[in-house]
Amino acid sequence: MGLEKSLILFSLLVLVLGWVQPSLGRESSADKFKRQHMDTEGSSKSSPTYCNQMMKRREMTTGSCKPVNTFVHEPLEDVQAICSQGQVTCKNGRNNCHKSSSTLHITDCRLKGSSKYPNCDYTTTDSQKHIIIACDGNPYVPVHFDASV
């Protein structure tokens with residue numbers, strides 16, 4: 001009887017650990033957005049190699065070269081506030097995108113045509129544009145960078 005209870009408890013423990021463990025190291029969509037798109041401290045104005053450095057530092061050149069990425073150089077609170085601004089349709093057809101009401105300081109990184117992994121080489125373009133981001137969750141936070149216009 002004691003062995004049977006122990007076996008049942010052990011089985012339940014294995015089941016629970018198998019369900020919980022895969023989610024432990026998983027990056028949330030909001031955290032991924034921050035890692036891939038937020039750079040409140042920096043700016044590309046002073047460095048033509050900004051994108052090469054940032055894409056590597058933010059782990060977007062691991063296994064392959066991410067072809068395009070945009071960094072936003074504004075406070076996170078300002079970017080999060082876009083989630084309550086003008087709603088627009090996302091490129092994928094969903095209706096959870098929002099367009100910034102004002103232009104923001106951004107840097108576009110584009111993989112150069114001749115660049116091949118593992119030597120990812122990017123062009124760096126600094127600009128002021130409106131951004132379109134997808135927001136989800138409770139609280140409603142940025143989870144995807146859709147476009148700059």
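Cβ atoms are placed via backbone N, Cα and C, with glycine included.
Bond annotation: of CYS90, CYS97, CYS109, only CYS109 is listed by Swiss-Prot as forming a disulfide with CYS51. Around CYS120 (disulfide bond), the same-chain residues at least 6 positions away in sequence with a Cβ under 8 Å from its Cβ are ASN52, MET55, LYS56, THR61, CYS65, LYS66, LEU111.
Using CYS97 (disulfide bond) as the reference Cα, a 10 A cut-off selects CYS83, CYS135, HIS144 from the recorded positions VAL68, CYS83, ARG110, CYS135, HIS144.
The recorded positions considered are CYS51, VAL68, CYS83; of these, VAL68 has the fewest other C-beta atoms within 10 angstroms of its C-beta. Sequence-remote contacts of a segment are chain residues at least 6 beyond its ends whose Cβ falls under 8 Å from one of its Cβ atoms, and for the region 'Disordered' (30-49) they are 58-60, 69-76, 79, 105, 107, 124-126, 133, 137, 141-145. Between VAL68 (substrate binding site) and CYS51 (disulfide bond), the C-alpha separation comes to 10 Å.
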